[in-house]
Amino acid sequence: MELGQSAGFLGGGSGDYRDPAISPDGAPTTTAQLSDEQRAQHRALVAEWNDKLEGTSAEGIMDWAATHVSGKIAVTMSMQDTILAELAEGRLLNAELVFLDTGYHFDETIETRDKVAERYHLPLTNVRPVLSREEQDETYGPRLYSRNPSACCRMRKVEPLARMLNPYEAWVTGIRRVDNPLRATTPILDVDRTGRLKINPIAAWSDEDVENYITDHKLIINPLTAQGYPSIGCATCTLPVAEGDDPRSGRWAGTNKTECGLHT
Ligand code: SF4
């Protein structure tokens, strides 16, 4: 059971709050489907290239994307590090960096985002939820993130990303197979539920690969990564992790939630 679910969805017991299963009015919650033709093209690319790209460097995978994706590409950035921005810069000329600004991030994460905007030439878009934190508290009750983190992630991450993805043909993620067992079989290329191409250029990277790339390219890093936060999400839902523990065990600690829903 996730934190707070036993308390139902009523904030403070007043009974006046909206059911968090119902998203805010006035904004789509899903991404438009691509045409059958585009979906078929992407499936053909995956079938032809997934195995071939398995042993290809992340730079090579980005070069492949530049050649094979003619539409716009969204590069998702958690602002934990800037590996994807570094890989995309100068390679994906039709790309845009995308940051899900939930309103609950650590100050260090926001500062990292601002440094990314200064260092890289690719445009950076802040994707925001329909409701501000205050509006969410008024509508769904205070601390929805602790009472029903799945609903909070859905409204502040999953649905904003879904709206944002509409103009894009493909998106790039920083998912790695070593992140957790759910990600252990992540392919380099995939087709998402809307027919868009999903590109995971560092899927095969180990922790050592990440550290080496950051050092070799003198990347901006979120200072929290050196303060016991190997996996950084919202400040309200991320705890530091003891050395040697599962790096993602600080995310939604004390609940059975392990993913925000962006990749499931
Ligand atoms: S990580 Fe926590 S605060 Fe952030 S969107 Fe998910 S539940 Fe809400």
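Cβ from N, Cα, C; glycine included.
Listed features, source TrEMBL:
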type	residues	note
BINDING	CYS152, CYS153, CYS234, CYS237	[4Fe-4S] cluster binding site
ACT_SITE	CYS260	active site, nucleophile
Task: Three-state secondary structure, CYS234 ([4Fe-4S] cluster binding site) (per DSSP) - done: coil
TODO: Enter the number of other CB atoms within 10 angstroms of the CB of CYS153 ([4Fe-4S] cluster binding site).
DONE: 24
Open item on the list: When DSSP is mapped onto helix/strand/coil, what comes out for CYS152 ([4Fe-4S] cluster binding site)?
Closed with: helix
TODO: Run through the Cβ atoms and count how many others sit within 10 Å of the one on CYS234 ([4Fe-4S] cluster binding site).
DONE: 22
- [ ] Would you mind listing, in sequence order, the residues at least six apart from CYS152 ([4Fe-4S] cluster binding site) in the same chain with a Cβ closer than 8 Å to its Cβ?
- [x] PRO20, GLN136, LEU144, TYR145
Task: Cβ neighbours of CYS237 ([4Fe-4S] cluster binding site) where a neighbour is any other Cβ within 10 Å - done: 21
